[in-house]
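Taken from TrEMBL as is:
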{"type": "BINDING", "residues": "B:90, B:91, B:92, B:120, B:134, B:138, B:274, B:278, B:279", "note": "L-histidine binding site"}
{"type": "DOMAIN", "residues": "B:19-321", "note": "domain 'Class II Histidinyl-tRNA synthetase (HisRS)-like catalytic core'"}
């Protein structure tokens, strides 16, 4: 019989809030290695790492594009200032704040990268986690096609460097639908229903609701697909000037990316808009074939909401990125019987061994080594496989 | 004239809550490198990395030794469970929870290590920061002198590996004073005043308050100092059995550490007790001569408060550790004029260059390179110093 009181106490303490979890041995080290490898790629492209705090005043956390995260953010009362703070639910807005305040005198374009945990009040269907790890990079202050393209290529290069395979990029033009619907003379209810139908890619409902916009919306929805086919179809769609400019820009971006990465799978979805509401230029999502969910997304947005600083960048979602990688393998571990000298132990670690020191005189070192999950035992001065 | 509205907006957004800060370029990357280097040392000694969540239910966060952090912890209401959660103010108790729940079937001793941010409601005089970074290791389930010594030597080896110089270790016996005062027949007010006087190392006040305990307390306070001198003086102090056993254990620990690290500065303070209230065995603090504050501390405590699992380990305080290291130096950066091929750029990064790509046709590449703070320019196919 086990100890029922102690067991139930253990069970109680094991219970973490929904969407929060412990990352256990092998996985935690693996995740940390992958994060550092991704940021090493960003650093090699000149992106400087910054680390904003976990918590900020609401006023700064929800400025500009940050307003979208307000509902998802845990609030804390600051006893020092008596003001409300939020635990960050996203890091992009913090990077923009650093760029426009602490680093406002740095030359543009400014390249910054980051990694850190974010917390959300509620999970969503796509991600049951409420604590997420974000890794990202932002190029603040460039505005050329080359500046649009750099974050896409960097994200691809970084993901490939850690071993993600079968990458694909889905390009979007988040301004096209708002531009078109902004010109549509529809009552608010119909407009909302139409927008929802477009988001759900529900072609027959879009046809029914769109009125005079029907031909152009149908053509746009039908044009989603492999980038070259999509661009060909989009040429013949009759679009207002601002929407045409957005599509032309996507064409330039796709051609530039393809020139560097001819083998990269790339699609264009001209009506995709969900989650890109704050993007003012292009948007993109990253996928790995066979892996559920987005690896990350990015694009260009106006940092200050108005005509101010623009930024192009991306955020990788580490929960999905880790799913796209093989499970980590337990490395070899060498058991050092009790009494092994510190000098010997240090020399073995310098050779690359992970050493597990015996802390009590053991009866049979080999048994103790295998009980502790070691692959090797130091025997007669040399590591021997168990 | 600048734009006053926009400037005041910037100032407002720059304002972070007291004790919270942005870690900026060079420093953020430096801190991350140092954390990974410290944890690489822990990993080489067989400590497996784990990552508990930022937030847990109060019930688990304040279990056992965690109760001490209750006043320092930010609370959040969990809308999912309708229960109160806390943002962790310390990670040690989370590691103990993982060891006794998720990893309860793993063989003992269990070696775990971790790194992460913690948040505190209020700062203290020693540390104005409310967001702190902890890096630590715990050896759960060993109870020998070798198990006491391993975390001390690991902490020293890890700190030395990142370049911390002039290290010293201060050993304490946190049970000695509680044992002595537990036997003293003093009224509660006097006891509290005496305890405070001991904590402040105020010898004359201790003499005045201690009554029959005066000789032994005075001798103990006088015995603080270099470890060999201290142990010599402590031999002649007349102590109750439990206190004598604690001192003997410290002697064994000091001798074992010194056998491996004969040059390491080591002191013993037999009355030091502050902040070690939850330690049931030895305690230790790490210092670097000339650097303000502790680099970290550790020791042995009972994970479950009762007679259950014991753990010996340490936590490093990264704010102090970083102060003990030289400032990071900006690495070389190579400017690639607009139009440099992606292939060339990739080859240069593979050689170890940090590349900064030109994103618009520049008039004079050398000027643009120097405006962006680059040290080198790609000229005629090769990096040239500016």
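Yeah, the Cβs are placed from backbone N, Cα and C, and that goes for glycine too.
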What is the Cβ neighbour count of residue B:274 (L-histidine binding site) at a 10 Å cut-off, with all protein chains included?
13
Please report the number of other Cβ atoms within 10 Å of the Cβ of residue B:279 (L-histidine binding site).
22
Taking all residues of the domain 'Class II Histidinyl-tRNA synthetase (HisRS)-like catalytic core' (B:19-321) together, what is their mean pLDDT?
93
B:92, B:134 as binding-site residues, winner by CB count within 10 A:
B:92
Secondary structure at residue B:274 (L-histidine binding site) (DSSP, helix/strand/coil)?
coil
Under a criterion of Cβ-Cβ distance under 8 Å and sequence separation of at least 6, what residues of the same chain contact residue B:90 (L-histidine binding site)?
B:66, B:69, B:118, B:134, B:315
